[in-house]
Amino acid sequence: MAGNKPFNKQQAEPRERDPQVAGLKVPPHSIEAEQSVLGGLMLDNERWDDVAERVVADDFYTRPHRHIFTEMARLQESGSPIDLITLAESLERQGQLDSVGGFAYLAELSKNTPSAANISAYADIVRERAVVREMISVANEIAEAGFDPQGRTSEDLLDLAESRVFKIAESRANKDEGPKNIADVLDATVARIEQLFQQPHDGVTGVNTGYDDLNKKTAGLQPSDLIIVAARPSMGKTTFAMNLVENAAMLQDKPVLIFSLEMPSEQIMMRSLASLSRVDQTKIRTGQLDDEDWARISGTMGILLEKRNIYIDDSSGLTPTEVRSRARRIAREHGGIGLIMIDYLQLMRVPALSDNRTLEIAEISRSLKALAKELNVPVVALSQLNRSLEQRADKRPVNSDLRESGSIEQDADLIMFIYRDEVYHENSDLKGIAEIIIGKQRNGPIGTVRLTFNGQWSRFDNYAGPQYDDE
């Protein structure tokens, strides 16, 4: 009979394809993988956790499969078994049994899945296809926005594109994340301790700050930490942050990245030349240099050009997604980053949250912490302080003085305030001395470190004066 003839693919295809039909593309999916996941769960309820940490209902391509998985989740949460009978009855109660194909389709799912042995691999396939479909959806959304910008600039559209794509990555937890057995954590911890034991580091396990007393307090700037440097105007917060960058660049080979939202790159470079050459920055700004000054600057330039590991981005009004994409590019090109510095946090923007400053700052702070973790690099972000501290007798900052402080204080691993008494008291006994007040340190002590401030060189140096109370 004709029905028994083998299927011929060429015979099934029309000789001339309809151009409109040919232009239609079916989103990536795997019906077989979805069926195997659902069937496997009916065979072995114990595999639910393996599947649930990989996929959610929306990852399934067909609506019936989404409904079935949702109902399975409801049964699991109520402590009921998931099998052909309980699932069919539950779907019946929700009025969805017929829409998913009836009892017959559920029976087919169960019958056609021989075992749940490979269910994790099938779930990974479902998840992978779902991510690609999300990317296609976002790409279409970006294209629509390009055709109909509604008054948005190209920069706004780029920010939209980056944020939508990054949101896919952020919403998809890595399958390597999640709870780990203490044995695995201990193995990794002991391996790290052994590594530190075998490598001489003088107590500095992170990025060397260049300041002995600060290193003793912090053990260096730790990878994945968000570090906030805050001060009132004229205290030298940009100078201090730049000195951290310079010291990191000189003491290691990894690139350091500066996002200067307030100051152009030429001014940043002039400060660095003054600091590293120990030449009066006023002379550099005015060009009134003698032969000795030129010799010092030439020597510094030679070192900087030899290392070539400082990158400066002086774009204004950057968004977290722009900072993230540019930092990622540098990290990708150089196999990592040693340090990221942002001057300063409140000059960043999140267009979608511009109507609510508190939420905007919270998103910026959260994003910078996420960047530090993603690239495993210390991120130093400068921050403003509230004017209210000017009304106090003791004007040394505390954590609550951070402007829009709630989210910043919560996200930060290390908070350092700069205080110079001579700014407020002309006849202070502490002229030329800066206090670095550690207001918060998630994994270390708080306290105060003294540094010598050489303003003419735009530089903080190690303190060599009498002993002081560092509590």
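Counting starts with 1 at the first residue shown.
The backbone N, Cα and C atoms fix where each Cβ goes, glycine too.
So that you can see what the record holds, here are the features copied from Swiss-Prot:
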BINDING   Ser234, Lys237, Thr238, Arg442  ATP binding site
DOMAIN    200-467  domain 'SF4 helicase'
REGION    1-27  region 'Disordered'
For the domain 'SF4 helicase' (200-467), mean pLDDT (0 to 100): 88
Cβ atoms near Arg442 (ATP binding site) (within 10 Å, other residues, all chains): 11
Most crowded position, judged by CB atoms within 10 A, among Ser234, Thr238 as binding-site residues: Thr238
Largest CA-to-CA spread of ATP binders Ser234, Lys237, Thr238, Arg442, angstrom: 28
Lys237 (ATP binding site), number of other Cβ atoms within 10 Å: 22
